[in-house]
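Trainee: Here it is: the structure, laid out below.
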Amino acid sequence: MSSAKVESQDGRQGVDLDQILIEEVGQFGRYQIVTLLLAAFPVIFSAFASGEYIFTIARIPTRCLIPQCDGPNPEYAPSWVLNAIPGTSIDSFENCERYVNSTQGTDVSGVCPAAWFDTSRTESCQDYVYENTNTIVYDFNMACDEWRRSQIGSIRTIGTLLVLPITGYISDRWGRRVALTINAFNTGWIGLVRSFVNSYEWFLALEVIESTVGSGAYSSCYILVTELVGPKYRVIAGATMSTMFALGQVILGFIAWGVQPWRTLTQVLYVPQLLVVSYFWILSESVRWLMSKGRYEESEAILKKVAKTNKKKLSEKSLQYFRSTADADKLVEKPKEPWLPILVFRSRAILFRCVVSPIWWVTNTLVYYGMSINAVNLSGNQYLNYVAVTAIEIPGYWTAILLLDRIGRKPVLIIGYWLCAACQFAFAFMPEGNEGLSLALYLIGKYSIAMVLTSVYVYTAELYPTKYRHSLFAFSSMVGRLGSITAPLTPALALEIWTSLPSVLFGSFALLSGLLIFTTPETLGTKLPDTIEEAEQLSKKKPTTDL
């Protein structure tokens, strides 16, 4: 058996974790599978938290209250509704306007005759009748106030932007497990508190606070799982995390369909998330992170546990290297490291990746969330529409699994971005009357951006060194949130400027991102870099696969 020894630039021996995983304890054995299954629950809960607002703030069909016709318990669509409100049928009438009164008659027969209204003039509603009471639109009386309703999604996303550097710092400083449990607990208790508020302002504030201090659980799980498996299975582990997130969205759609009142729905979704606190004692810390911090005794103990669970054995040579490395680290006075941005600016390769990778992430979030938001306008059952749109992502994730380790990271990303761009441009300029073809292009576009999404997670993690991986990864993801902040505005752009503008915008970003992939190194078959020097070497190695 070959040794797991490596030598640092100062001549000291160290430990190659990838080598130990491959040759001794197992790259993807029972221990890693159990960890992945445990991590799946916080990921599913993260999907609940990220999507529940779509249902809790959903618009409720409304009509104007007609004082002379409506009784104390008004019906939403009475037989006389078209006498008082403009419309084409009893199922299709104006939500925010009514005819001006021509007389102050009082309805005594339940008919509310048309003669009581001047059908040549309309006015805005003073009060409203709601079809149901399922969302905050009813509780906070936002019937036709689209601005206050729609801004919740954009403002919440600002919180998800802020959480990433916070979570990255906690994760790289105190560990992946600490970051996971803090985020999950904050999400659970703040979401639960939000279900009891009685004002729009408090609801909005708690949405932002929750996303700011609690929406980093997914990235924590992703990093923890991908650092535990061997290089051969990183893609499978990463894509499984993405699949669990999509599965969480599908489950969310069915739960929201079955539990429609927003307060009850919020409680059903958030209470289970409080249980993730127990993961601090159930999950083991990332071995790779512990080693990057010089905590070799803890690393050795966890690797022994991994080997035992996987029915493998950690060799005496590797144990000796662990102990000698730990002893050597105790004797070496560690210099105070410069601030991370200074280290980044000193490395041309890392700096360039920090400039390019955020553009990929902006594209991912803009197209992914933009397509989801615009899909909500599809006709039919809104819950089933949501389920269908999120379910189509799963084949995209598994396509990434099949291709990333076969043809390389770069070819998959380029093909995915450019296929998405082609679908967006074709959809934008598709002549009317081709609904079937337009739908097919829409679904292929969502499928391709899902394929890109899981690939970019894997690729970005492999471009950065272990010691700063989560912080640099979080930076790219944080800047990428600009796309998800912009995405809720795309329907307004379509309405005010040009119907096809969102699709052209999505396609342009996808085309640019595909081109930028050419400028970064292939990481297929490379060792996961632990230091900035190792990460720089990726650019100097010949890619194993070319497009």
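Just so you know, glycine gets a Cβ as well, placed from its N, Cα and C.
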Trainee: Between the candidate ranges 152-171, 472-491, where does TrEMBL place the transmembrane segment annotation?
Mentor: 472-491
Trainee: Between 0 and 100, where does the mean pLDDT of the domain 'Major facilitator superfamily (MFS) profile' (35-525) sit?
Mentor: 83
Trainee: Flag the pair the transmembrane segment (33-55) / the transmembrane segment (472-491) as in contact if three or more Cβ pairs fall under 8 Å (sequence separation 6 or more).
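Mentor: No, the transmembrane segment (33-55) and the transmembrane segment (472-491) are not in contact.
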Trainee: Would you kindly list the residues that approach the transmembrane segment (411-430) from elsewhere in its chain, counting only those six or more residues past its ends and only Cβ-Cβ distances under 8 Å?
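Mentor: For the transmembrane segment (411-430), the nonlocal Cβ contacts are 360, 363, 367, 400, 403-404, 437-438, 441-442, 444-445, 448-449, 451-452, 455-456, 459, 500, 503-504, 506-508, 510-511, 513-514, 517-518, 545-547.
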Trainee: Tally Cβ pairs under 8 Å between the transmembrane segment (497-518) and each listed stretch (237-259, 265-283, 350-371, 383-404, 436-460), then give the stretch with the top tally.
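Mentor: Top-ranked stretch among 237-259, 265-283, 350-371, 383-404, 436-460: 350-371.
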Trainee: Applying the under-8 angstroms CB criterion, which one of 265-283, 350-371, 436-460, 472-491 scores highest with the transmembrane segment (383-404)?
Mentor: 436-460
Trainee: Counting Cβ pairs under 8 Å to the transmembrane segment (472-491), which of 237-259, 265-283, 350-371, 436-460 comes out on top?
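Mentor: Per the Cβ under 8 Å count, 350-371.
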